[in-house]
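K.L.:
Let me begin by handing over the structure; questions about it come next.
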Amino acid sequence: MQERHLFTSESVSEGHPDKIADQISDAILDALLAQDPDSRVACETSVTTGLVLVFGEISTKAYVDIQKVVRQTIKEIGYTDGQYGFDGDNCAVLVAIDEQSPDIAQGVDDSLETREGDADPLDQIGAGDQGLMFGYAVNETPELMPLPIELSHALMRRIAMLRKQAVLDYLRPDAKAEVTVEYDDNDQPLRVDTVVLSTQHDPDVTLDRIRQDVIEQVIKPTIPADLLDDQTKYFINPTGRFVIGGPQGDAGLTGRKIIVDTYGGAARHGGGAFSGKDATKVDRSASYAARYIAKNIVAAELAQKCEVQIAYAIGVAEPVSVYVNTFGTGTVAEAKLATAVRDLFDLRPAGIIQMLDLKRPIYKQTAAYGHFGRTDIDLPWEHTDKVDALKAACK
């Protein structure tokens with residue numbers, strides 16, 4: 001049992017420079033998968049004032065106008081005005097793409113198991129790299145996500161909506177939110193202690209108006225009233241001015257918001273980013289599978305909280321380890337859960353791709369506001385269709 005404590009998570013808007021990069025990388029990935037579902041993609045993006053650089057390794061039968069995809073993505077985010085120091089019509093776009101290394105491809109196309117004579121087609125694809133991936137679920141929200149990251153994402157979605165609908169017409173695309181939640185001694189959320197929200201804005205709006213609008217039109221409609229009280233602290237644009245933002249204010253790079261993308265720091269992270277990678281990259285696909293497993297375990301009420309680790313060797317199909325941790329909240333032994341997971345979930349890369357239908361162009365929509373706990377889009381790793389099977393396996 002813990003004492004009362006505070007825990008904080010953050011989110012960033014789709015106009016944050018790192019998130020611009022993530023969305024461009026995933027928009028390119030989706031465009032390639034739409035033409036060639038077997039595309040091998042490792043697409044990185046960097047953005048700065050007036051410049052986008054797209055680079056990486058891609059092997060595909062598809063043809064995609066990368067410049068067009070980049071510019072369209074930037075404009076959809078809201079960078080449509082040269083005053084922002086970055087806009088989709090006028091920025092330079094440089095492309096430096098190579099093919100996937102044949103040394104890597106030989107281990108992905110023909111796994112160690114296949115080379116040793118295994119005829120199972122799901123054993124053919126080896127992991128695209130070594131690595132460890134985590135998935136997590138907790139019963140403190142309906143989405144089975146930690147509350148601080150859920151609230152942070154919700155604030156960012158709300159402020160983007162108000163900007164795009166011109167309700168607050170002085171808003172610009174870059175923004176960040178951070179929410180601190182107080183937990184009781186049973187590790188259940190009690191209240192929101194602090195909300196930090198910084199939003200880019202036009203130069204002529206006053207700080208007082210921004211603060212009033214953010215509290216009344218962003219925070220209060222988003223965070224349930226029973227979580228806010230007279231002691232809740234609000235820090236709105238605490239530097240006093242946020243006119244220069246986006247890539248003009250900070251360079252952005254694919255894969256630099258891995259905690260925003262996942263659980264807001266409430267769970268461990270293996271270090272691998274998601275965006276711009278096709279599903280043979282287990283950094284992405286195995287993280288989705290681990291979330292799928294953890295969410296189904298918690299949804300089955302086999303634990304209140306669950307973290308799953310999966311690890312791989314490059315070029316080998318079967319994971320080298322699968323670990324289930326329920327933090328003392330499980331109703332069955334963790335070893336029994338791990339056995340059930342191995343039996344019910346095919347964690348070979350080809351098995352994950354088949355189980356979650358990952359060759360589709362579904363990735364750009366995940367590149368802002370988190371890859372997990374989403375209710376606004378249908379993501380297969382958020383389904384709880386393994387609950388009955390897990391319950392039966394753990395009797």
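Cβ coordinates come from backbone N, Cα and C, glycine included.
According to Swiss-Prot, the feature ATP binding site maps to HIS16, ASP174, ALA175, LYS176, ARG241, PHE242, ASP250, ARG256, LYS257, ALA273, LYS277, an assignment based on sequence analysis. Feature annotation from Swiss-Prot assigns Mg(2+) binding site to ASP18. Summarising the annotation, Swiss-Prot assigns K(+) binding site to GLU44. Positions annotated as L-methionine binding site by Swiss-Prot, on the basis of sequence analysis: GLU57, GLN100, ASP250, LYS281. Positions annotated as region 'Flexible loop' by Swiss-Prot: 100-110.
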K.L.:
Could you measure between GLN100 (L-methionine binding site) and LYS277 (ATP binding site) for me? Cα positions, answer in whole angstrom.
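P.N.:
About 12 Å separate the Cα atoms of these two residues.
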K.L.:
Taking 10 A as the limit, how many CB atoms besides its own sit near the CB of ASP18 (Mg(2+) binding site)?
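P.N.:
So the number of other Cβ atoms within 10 Å of ASP18 (Mg(2+) binding site) is 23.
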K.L.:
Do any of ASP18, GLU44, GLU57, LYS281 (binding-site residues) have a CA within 10 A of ASP250 (ATP binding site), and if so which?
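P.N.:
So far as Cα distances go, the binding-site residues lying within 10 Å of ASP250 (ATP binding site) are ASP18.
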K.L.:
Hey, what's the Cβ neighbour count for LYS281 (L-methionine binding site) at 10 Å?
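P.N.:
Around the Cβ of LYS281 (L-methionine binding site), 23 other Cβ atoms lie within 10 Å.
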K.L.:
When you measure from the Cβ of LYS277 (ATP binding site), how many other Cβ atoms are you left with inside 10 Å?
P.N.:
27
K.L.:
Please compare the binding-site residues GLN100, ALA175, ASP250 by how many other CB atoms fall within 10 Å of each one's CB, and tell me which has the fewest.
P.N.:
ASP250
K.L.:
So, in DSSP terms, is the residue listed as 'Mg(2+) binding site' helix, strand, or coil?
P.N.:
helix
